[in-house]
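Written out below as structure tokens is the structure these notes cover.
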């Protein structure tokens, strides 16, 4: 037989490890119902009797969105597809004209799995040791970008390319480095010192990536 104090310590340990939130947990909370399409009137879930199969179908990414600098990104979140609400996932369709890029960016709240629909895309990410993992991926290939790491894509083929990205969060967030650095209002002197650029060069970048500018 184990001493009572040992048994009590084991019980406390089991309780703590199974009932307290994990310090490394960062995913969306588990849903407590099958689905929850929000009601705009009550801010609660719609009654299932008012739903149809069409509420669970979204057709907004059959075609590319509007292009800016040879790139188009169409997010599919709970904001445009309410059936995703509470389910802990979302999507994005990314289209590239020849030479188009998806600028270096990261998603603070989600891991992304990217599936190439068509074309050839130079795709990769940089880990926290500044090691680059990148190569050309083609139609049918799948690449994963771990949560919060910087990643990027560029169409290196001679025809349009398209990617479907899936996130393990209904609100993954997206921080695009050029805009975050030069379009957010960070002190100009700091940017000059950080990048070894002159004031005129910083001003040019801030004008290009300023708030309200789409890139």
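Positions of Cβ are set from backbone N, Cα and C atoms, glycine also.
Features as listed in TrEMBL:
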SIGNAL    1-26  signal peptide
DISULFID  36-45  disulfide bond
DOMAIN    59-203  domain 'Cupin type-1'
BINDING   102, 107, 112  oxalate binding site
BINDING   105, 107, 112, 151  Mn(2+) binding site
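The shortest Cα-Cα distance between residue 45 (disulfide bond) and any of the binding-site residues 102, 105, 107, 151 is the one to 107.
Distance from the CA of residue 36 (disulfide bond) to the CA of residue 107 (oxalate binding site) is 24 Å.
By the criterion of other Cβ atoms within 10 Å of the residue's own Cβ, the least surrounded of the binding-site residues 105, 107, 151 is 105. When pLDDT values are averaged over the domain 'Cupin type-1' (59-203), the model yields 96. The CA atom of residue 102 (oxalate binding site) is located 9 Å away from the CA atom of residue 151 (Mn(2+) binding site).
When the C-alpha distances from residue 36 (disulfide bond) to the binding-site residues 105, 112, 151 are tabulated, the minimum falls on 112. Each residue contributes its Cα atom, and for residue 112 (oxalate binding site) and residue 151 (Mn(2+) binding site) those atoms are 10 Å apart. Using a 10 Å Cβ-Cβ cutoff, residue 45 (disulfide bond) registers 16 neighbours.
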